[in-house]
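Database features, via TrEMBL:
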DOMAIN    1-380  domain 'FMN hydroxy acid dehydrogenase'
BINDING   Y24, Y129, R164, H275, R278  glyoxylate binding site
BINDING   77-79, S106, Q127, T155, K251, S273, 306-310, 329-330  FMN binding site
ACT_SITE  H275  active site, proton acceptor
Amino acid sequence: MQILDVNDLMQLARRRVPKMFFDYADSGAFSESTYHANEAAFGAIKLRQRVGRKISNRSLASTMVGQKVAMPVALAPVGILGMQHANGEILAARAAESFGVPFTLSTMSVCSIEEVARATSTPFWFQLYVMRDRGFVRSLIDRAKAAGCSALVVTMDLQIVGQRHKDQRNGLSTPPRLNLPTLLQLLVRPRWCLQMLGVRDRRLGNLVGHTESAKDLTSMSAWVADQFDLEFCWDDIAWLRERWGGTLILKGIMTAEDAREATLTGADAIVVSNHGGRQLDGAPSTLSVLPGIVDAVGDQLEVHVDGGIRSGQDVFRALALGAKGTYIGRPYVYGLGAMGEAGVRRALEIIATELDVTMALCAERTIAAIGPHNLEMTASVEG
Ligand SMILES: Cc1cc2nc3c(=O)[nH]c(=O)nc-3n(C[C@H](O)[C@H](O)[C@H](O)COP(=O)(O)O)c2cc1C
């Protein structure tokens, strides 16, 4: 099968990854309206073709939070990547490293911070969920520091977990609980099963051995479910920042008010994100709120965006609307499920090629030159 775009990777992943884990990625909260709105918003933004300009010597290189990137597209934190493909976190981190973009490791990863650090030589970013057990949070920050992580991404939109119907129907768990329906899902994916046989531990690697109550799968799931902190608030950012002492990114900002609040914390960047439509169903698309947030914060911090980016044209659109950097979630998750490390690399290559061609046809040679002048302003960004 020829892999020409992100949709091809998605189709291949659907054939190779057990249903419960494919569905885990391809799902949003409740009616999934926000999940689909994220993608649809990009299509509504039309690009301005320019001609008669010299377009040789183009470059996709840029920076995100002061770090050099081959293109301004980071890999977003995604939980249990290691269930899309054996050692998924390590493979995705290696693909990002060889391509020259940041990889963000989720708190809820199968491979631990230390395992990913051992398998790579470029610093990656660590995404933190602030748990009620603050001792555990402090230890996660210290471990990320010890592993040389070059940014801490604090996720602010998951104090309570959005309900995803597909996960409930599939009885999602990691490792999978073996009953007849799940066994059938696994048996029809023998390639995936074989890879997984070589993996030592399929639990949440950052939790194993670090929390008293997370000894086996059942107690670990119960612990996690009980740990998301309803009392977490803006005041907590100060101590997180002090403990961390490095580059800080706040993820999950969807309004100008919250963006202004973020500027008061001293954070280096915010990610305009609705968690890929997996949390507040009914929230607008991230693209539709991006310009208002960029206006609200000016150059006080960098504004990044994720949600619904499926192509290099989408990256171009986000940059034109004022984002300094972007993240992809599902596109590289599908790449991983389809073809492991090579699939993540393929997702990045596809997006880079599309971004490059789009820049050329819009007559831009550098990422910094992209702006609102590249958009047809007759199109409005709908939620
Ligand atoms: C399967 C899946 C798991 C995710 N897990 C996390 C996570 O552990 N932490 C986090 O901050 N965001 C998580 N996210 C949200 C992503 O970081 C990102 O915001 C989102 O995927 C971007 O949308 P896109 O998938 O349309 O590119 C997850 C998203 C998906 C699809």
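Glycine is treated like the rest: Cβ placed from N, Cα and C.
On the structure: features taken from TrEMBL.
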residue : record                  : Cβ within 10 Å
Y24     : glyoxylate binding site : 23
P77     : FMN binding site        : 26
G79     : FMN binding site        : 19
Y129    : glyoxylate binding site : 22
K251    : FMN binding site        : 24
H275    : glyoxylate binding site : 26
R278    : glyoxylate binding site : 26
D306    : FMN binding site        : 26
G308    : FMN binding site        : 26
R330    : FMN binding site        : 24
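Less than 8 angstroms from the CB of Q127 (FMN binding site) sit P77, T104, L105, S106, T107, V153, V154, T155, K251, each of them six or more residues away in the same chain. Between the alpha carbons (Cα) of R278 (glyoxylate binding site) and R330 (FMN binding site) lies a span of roughly 12 Å. Between the two most distant C-alpha atoms of the annotated glyoxylate binders (Y24, Y129, R164, H275, R278) there are 19 Å. For the binding-site residues G79, R310, R330, a Cα-Cα cutoff of 10 angstroms around H275 (glyoxylate binding site) retains nothing. Summarising model confidence by region, the domain 'FMN hydroxy acid dehydrogenase' (1-380) averages a pLDDT of 95. Counting only the Cα atoms, the space from R164 (glyoxylate binding site) to G79 (FMN binding site) is about 14 angstrom.
Listed binding-site residues: Y129, R164, D306, G308, R310, R330. Those with a CB atom under 6 Å from ligand 1: D306, G308, R330. Taken residue by residue with DSSP, Y24 (glyoxylate binding site) is part of a helix.
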